[in-house]
């Protein structure tokens, strides 16, 4: 529906409207009319009638020499990056190869934190040894957490976000029609069942009487589903949704790695859930680029609910305060060297927050994540080493 209306507006662009800077919120007020509400002054109104239907479109008029569209109909062929396409991040080139499109949907750029979480859990267990068997088990656990279950999570999230992406990034594979509905559904089922199957194999390999890894994988998959899918769609609530995402990226892979090689203890559960508050901050970073679509479809992400200026401070505050609290916990636990190491890793993160993210969270989000997040994940590893059992 949204695409067809946008195409209709485009077709009458030269005859009725001087230019359209941005089309406002799509609201379905009754079955017989569609109304795009303007956001700025200087609007013009277009009315379309067909048998049994009446279409009203309001668009803001601006000077095309001064303002460019912020949501192009397709990715610029010349500037799109093939590397970005394979990693599944913005600025990707358009692709027709179905396997490259499938890989793009899994967003490989999001796999490393999950893989690293498994490493942290294995380290925290105190029972990982550099033997071929332990290395093989850890690699299989990383495949489960990264390509399979994270790939499932990202694919299903893109599927249920296709209306938002049609506004924010209409050139992405699903809203652009580069991949069919059936192909997307098949992909997330294959990834989900593959991940759960690997979890079961790991439990058997580890000799578990209780299939702990399988339960963690199943719980994480359910959390991923209710995060993206109605009726719960946790991502509609900025606080709950982002914390759930943070827990999925930090706590669950850590728990899986630790359960695979040792015993999951209550203190580690509490510590990793605390670290998930930092994950909440990381999740907020990704919300800034989707403000227009989230607002249009009523999703209360934190940048929508509080505005971008307030939300960016909530974001960095969640990341920094969490790590400082963990450093304080390690110091109080009689582990001052680990606490000092964590503090040394927090300082460059704060520097990059002021250099990039706080300056412009939309323009510099990729630079900020590339520069600051390595220090965050190293801090998580330091905490894992300090928590060895």
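Placement of Cβ uses the backbone N, Cα and C atoms for every residue, glycine included.
Just so you know, TrEMBL annotations are computer predictions that nobody has curated.
Checking the ranges 136-157, 158-179, 268-289 against TrEMBL, the transmembrane segment annotation falls on 268-289.
Check TrEMBL against the ranges 113-130, 239-256, 293-310 and you find transmembrane segment recorded for 239-256.
Transmembrane segment is the annotation TrEMBL gives to one range among 84-99, 212-227, and that range is 212-227.
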